[in-house]
Amino acid sequence: MHTAGDEDLYLQQAVVFIEDAIQYRSINHRVDANSLRLYRWYYSRIWQLGLGLTIAVVLMLAFIERPSSFSYTSDPRFRPPPWEPPCGLTEGIEIVCLVIFAIDFATKSYLIGWEEFRKCKWLIVYILAVSASVIDWALTLSMYCDQNLRVRRLIRPFFLLQNSSLMKKTLKCIKRTLPEIASVILLLALHLCLFTMIGMLLFAKGENPKQNGEWEAYFRDLPTSFSSLLVLLTTANNPDVMIPAYSLNRGYSIFFILFSGFGTYFLMNLLTAIVYNQFRGYLLMSVQASILRRRLGVRAAFEVMSCQGWGQDATHSEENVERVRVDASLQVMARVQMKSYYRQAIIKRVQQLSDGFIQWEAFRRLFDELDKDRIKEHPPKPEYNSSLLQGLQLLFCHYYVTVVGNAVALANVMCICTILVLDSEKSIAERDDYYMEVINCFFILYYLMEMSLKILAFGWRGYLSYRNNIFDGLLTVCLLVLQITIFATYRLPFPKWNPASRGLMSLWEMVRLVNMLIVVRFLRIIPDIKLMALIASTLVDLVKNLRAFAGILVVVFYVFAVLGIWLFQGAITAPGQMSVMSNSSMKNITVECGSYEQLGYWPNNFDDFASSLVLLYNVMVVNNWQVFMDAYTRYTTQWSKVYFVSWWLTSSVMWVNLFVALILENFIYKWDRSVMCSVADVERTGYETTVQLMFREQIQEPTEEELVTQLHQHPHLHLS
């Protein structure tokens, strides 16, 4: 016989196992009552939110620490001395974060037990990272915060990585993909070296100085030749690199066309295809493991509920059939932390079972609800007795009212565009805001009327159940408040209306703000066009569900920014007294056309963390990235090219292409599922687009033997 305490423990175990299944977590943790309470607290929203906030804080310290990013500009010609935090401020914040990480490590290690801890390399590296950070922190304090090389800055991104299981899977997949990438990189390097040598032979220095333009600018020596063709591979210096030779003989263009045609359009695209294909294969393997975790969690909950006496009574005690009681399942589902929509769907299916017991197959199918799209039901419309109100309700519930509203919004935007074109050359004093203000007043009154009648037709709850109505209504209220503020401050408009500035904003600034809100409000058309609605929802899903991939990019940005500060901080200095020179004096300074100095790229530097991130982004875009590489080569050494080429390979070649491929995967997945839906169905359907669901059709279900074998290997759960 089982006591009430035992049954409550089994209930807790089943609840936790199902929560593990929902979140794709491992079930290999302690299952005693106290550990289960600690486990649920650890994965509670409060602790996980606090841990995420701690990680964000420790990463943001790089903006405050020396060299501080607290200045209004990063341009060394105009940048004032930035605010530097007093010694101990950032260090105090950091030690609190490290203590929280230590608590997180201790809790996680205790919950999984010693045997699992020894198998988990991430946890071992976690404690090493915390320990190394504490040692480096102590060294900083011992040197009175005058430590330029802070090793713990490079360690901080690890805390972001280890807190996300999907990020860890992604990193593992990237690591496994590297050997396949290396073969194409080797072919690319061979292509570069071959054409570099041919180029140096083809454009060797001749006797006539007038014909040495190509040699002098791009093929003077081996490093210059190699970097010139590498940049051409990204098309950043095309056609500049070929102009000196092409102006002498049109035949020289064949060399550059062959190089970029084969390298840029074949090898680079082949590299993208290999990166995506191989990564996708390894990601499928990882997602397969996630599906196994879900099925294992559901099976563990079923075993706990059936093996411990919950699935038997006097009638079925002699039958060798595993089953659980319906009332026990309802108790478990009532306590599981999950989205209310899925809880209600599962409970509804359980209540439809008339036998009083649930066998394994039926129990497993209950959790198929987690993979289904959420269909959003709008509240019922209010009922009116008046025939006039009923007519208005019927009219303003019609789809064509939205079409008319979109046409009016388009007309408003076109009016603003027309006036902006007519007034583009006028100064503020020459502008007449009377016509713009009258037009805006008319349209804002229409928007207010449309919003009010829609609220009348759908009711408050019904109106707010549509996301586009919330967006539309919020902007309409903002426009109304701004318009009332304009009238209260500057009175009613009249021809040649141009009153003196009052309060915080001038009339022109307030009118501009109104116009910007009207233009933004025009985005309301997105949900009413199926393809645009799908694209918008795809972008939202990328933010929600594929943030692990963006997280890896954040880690790479962070590491390269820290390395850039270490290597190049203060390397480029603006010419002396440049900030106080007159324009005429500036014109006398001779700089090479297209150089870092001539283009005025001074704000792009590694003098602080924020400007480092911006510079890395500019290099990732690859437009004019050779300008930065050339500048740091001139101001430091030729070896600085290794840093920039490494960043280009990591960000632009590998990660951006991978991210684009995942965007395509996400969009195709949603398009295939909504191709038969109307615009209204797309708006009502909350597509569940997770990485697991995107690859669901390619994943095999784990067999019964696999599940049973895994359960019997559980280090803390001993089933009979």
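Yeah, the Cβs are placed from backbone N, Cα and C, and that goes for glycine too.
The domain 'Ion transport' feature in TrEMBL is assigned to 70-279 (among others). For the domain 'Ion transport' (70-279), the mean pLDDT of the prediction comes to 88.
Per TrEMBL, the feature domain 'Ion transport' maps to 414-667 (among others).
Sequence-distant contacts of the transmembrane segment (46-64) (same chain, six or more residues past either end, CB-CB distance under 8 Å): 70, 85, 89-90, 93-94, 97-98, 100-101, 104, 153, 156-157, 159-160, 163, 558, 561-562, 609-610. TrEMBL lists 46-64 (among others) with the feature transmembrane segment.
The transmembrane segment feature in TrEMBL is assigned to 123-145 (among others).
What TrEMBL records for 181-204 (among others) is transmembrane segment.
Among the features that TrEMBL reports, transmembrane segment is placed at 252-276 (among others).
Listed as Cβ neighbours of the transmembrane segment (399-422) (distance under 8 Å, sequence separation of 6 or more from its ends, same chain) are residues 435-436, 439-440, 443, 446, 450, 454, 515, 518-519, 521-522, 524-525, 528, 680. Annotation source TrEMBL lists transmembrane segment at 399-422 (among others).
Among the features that TrEMBL reports, transmembrane segment is placed at 470-490 (among others).
A Cβ distance under 8 Å defines the sequence-distant neighbours of the transmembrane segment (510-527), meaning residues of its chain 6+ beyond its ends; these are 405-406, 409-410, 412-413, 416, 433, 436-437, 440, 443, 447, 467-468, 471-472, 475-476, 478-479, 482-483, 485-486, 489, 533, 536, 679, 682-683. If you look up TrEMBL, you'll see 510-527 (among others) marked as transmembrane segment.
Residues annotated as transmembrane segment in TrEMBL: 548-568 (among others).
Annotation source TrEMBL lists transmembrane segment at 642-664 (among others).
Taking Cβ pairs closer than 8 Å, the transmembrane segment (642-664) reaches residues 174, 181, 185, 230, 234, 268, 271-272, 275-276, 279-280, 538, 542, 546, 549-550, 552-553, 556-557, 560, 563-564, 567, 616, 619-622, 625, 628-629, 632 in its own chain, all 6 or more past its ends.
Below 8 A, the CB atoms of the transmembrane segment (252-276) and the transmembrane segment (181-204) form 3+ pairs separated by six or more positions in the chain.
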